[in-house]
Amino acid sequence: MSIFSLLPELWLLGLVCALFVASISDKKQSVASWLPMAAGLGVLAALFALGERGEFLYAAYKLDGLSQFFKLLIAFGFAVVTGIAAGNKEGKDLTPDYFMLLALSAWGLMLLASCVELITLYLALELSSYSLYALIPLRGQDRRAAEAGIKYILFGAAVTALALFGLSYIIAAKHTTYLSGLAATSWSFADAPMAVIGLTLFLAGFFYKLALFPFHFWCPDVYQGAKNETAAYVATIPKLGAVVVLVRLAAFVAPHLEVTTILAILGAVSMTAGNLAALVQRDLKRLLGFSSVAHAGYVMLGLAAGSAAGMSAAAFYSLAYILMNLAAFYVVCAIAKNDENPSLDDLDGLYKRAPALAMILAVAAFSLVGLPPTAGFAGKLFLLSAAWDQGYHWLVIVAVLNTAISIYYYLSMVRHAYTGESDAPAIVWPRGYLIFGGALAVLVLLLGILPAPLYDLAAQAAGQLHP
């Protein structure tokens, strides 16, 4: 094992340092010209380190299949967000410190993916969060951004207190903070009531990141108030950090125990609350915010199943989720006027004004619903199968009903784009930027048509947690 095992983290840390130097330099030059390429090299670094294994920091930091898989997803998502931001008209005016905060958050999430000890988990979680506390309010003089930032900080502080309180319960009951030690003990409420209560409270910190009900109240307001590019990041990449930790924690809790029952119930309520609230939204980012709440509920199907198939499905669905959500936010950023929040009415006549954007939006919407042959369909199929095999039949039925509900508001976006009429002028974008969005749509379709390679990769990672 060499220092090259940590290549993804080191590359992103180097990028943070380069952006920091650029932000304090007397010459305030735009970094939009070189940053997407540098972020793309980070994806190659994550691919290079995909097979690396090892332990650091007294076995508190572990390189395994799961961590390397999620580091690849984080690097890919960061590269896409920087590409969207740098290619956007308003994004060219973004300063180096804006991108530095994005990179610092992504670096914290990469560290989070490898942490297998509760205290280091908590520190990595906070590292990834602090930069977002500063990033979300950055939207000129828009008061909604300040409101969004305050809500994110206040909710984050409250949930952090809960997580720390739960951590103290776990330490008191189990006398260890290493996940390997925790996995070797019983997690039945009858055997360890204090530990189960502590774990439930500790999970709250990651439910907050995932925007799972009832820790979701910040989500639509933050999406609506933050810059469009910032919302694209907050809606996708931090979710990966939450999922990888939840997969690790759920792996040592057997199905149908109290904790997994709580996960199943929260998943069902989150799906229902998110979809019902999204039905009445007109603001696109707010709609996608409540959509995130619903998708957090879908992820719970795999975690509640508690099997290797369930963990694999949750990891695969995370990839599908960031692809289809980034494609949707790509369109949001492209149609926004003067960095304003677009509404459903702004989609009217999009098939005439920008046919490529209308097609990308349609692919993203179909995948968010879960229609074949998209990544969303394959991901939901794996989740439903894993939950059904473990006897969560009622949860599968709730998920299917919620998928039917979501058809209305997702396809309403497509309806506005293809049947609405508008006198607005055509939307003109550089060909390279449109090709970038088209590549996202192609990946969404490709992952739905050929899910096996990446699902097998996720299954190998989950198999290490369930030998």
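Even glycines carry a Cβ here, placed using N, Cα and C.
Per Swiss-Prot, these features apply:
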type: TRANSMEM; residues: 1-21; note: transmembrane segment
type: TRANSMEM; residues: 31-51; note: transmembrane segment
type: TRANSMEM; residues: 66-86; note: transmembrane segment
type: TRANSMEM; residues: 99-119; note: transmembrane segment
type: TRANSMEM; residues: 195-215; note: transmembrane segment
type: TRANSMEM; residues: 231-253; note: transmembrane segment
type: TRANSMEM; residues: 258-280; note: transmembrane segment
type: TRANSMEM; residues: 287-307; note: transmembrane segment
type: TRANSMEM; residues: 315-335; note: transmembrane segment
type: TRANSMEM; residues: 357-377; note: transmembrane segment
type: TRANSMEM; residues: 394-414; note: transmembrane segment
type: TRANSMEM; residues: 434-454; note: transmembrane segment
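Packing against the transmembrane segment (258-280) from elsewhere in the chain are residues 187-189, 196, 199-200, 203, 207, 212-214, 216, 220, 250, 287, 290-301, 303-304, 306, 392, 394-395, 398-399, 402, 405-406, 408-409: each is 6 or more residues past its ends and has a CB under 8 Å from a CB in it.
Between the transmembrane segment (1-21) and the transmembrane segment (231-253), the number of CB pairs under 8 angstroms, six or more residues apart, is fewer than three, so the stretches are not in contact. As a quick check, the transmembrane segment (394-414) and the transmembrane segment (287-307) clear the bar of 3 or more Cβ pairs under 8 A, pairs 6 or more apart, so the two touch. Each of 31-51, 99-119, 357-377, 434-454 was scored by its Cβ pairs under 8 Å to the transmembrane segment (231-253), and the highest score goes to 99-119.
Ranked by the number of CB pairs under 8 Å to the transmembrane segment (434-454), the listed stretches 31-51, 66-86, 195-215 are led by 66-86. Comparing 66-86, 195-215, 287-307, 315-335 for CB pairs under 8 angstroms to the transmembrane segment (99-119), the maximum falls on 66-86. If you count C-beta pairs under 8 angstroms between the transmembrane segment (287-307) and each of 31-51, 66-86, 195-215, 315-335, 357-377, the highest count goes to 195-215. Counting only same-chain residues 6+ beyond the ends of the transmembrane segment (195-215), those with a CB under 8 A from a CB of the stretch are 118, 122, 125, 129, 155-156, 159-160, 162-163, 165-174, 185, 187-189, 238-239, 241-243, 245-246, 249, 253, 258-259, 262, 266-267, 269-270, 273-274, 289, 292-293, 296-297, 299-300. Same-chain neighbours of the transmembrane segment (31-51): 4-8, 11-12, 15, 18-19, 22, 63, 68-69, 71-72, 74-76, 78-79, 82-83, 85-87, 91-92, 94, 96, 99, counting only residues six or more beyond its ends whose CB sits under 8 Å from a CB of the stretch. Sequence-distant contacts of the transmembrane segment (66-86), counting only residues of its own chain at least 6 positions beyond either end whose CB sits under 8 Å from a CB of the stretch, comprise 8-9, 12, 31-33, 35-36, 39-40, 42-43, 45-47, 49-52, 92, 94, 99, 102-103, 106, 109-110, 113-114, 229, 232-233, 236-237, 240-241, 243-244, 247-248, 315, 318-319, 322, 326, 329-330, 333, 436, 440, 457-458, 461-462, 464-465. Using a Cβ-Cβ cut-off under 8 Å and counting only residues 6 or more beyond its ends in the same chain, the transmembrane segment (357-377) has close neighbours at 291, 295, 319-321, 323-325, 327-328, 330-331, 334-335, 347, 350-351, 403, 406-407, 410-411, 413-414, 417-418, 427, 434, 437-438, 440-441, 443-445, 447-449, 451.
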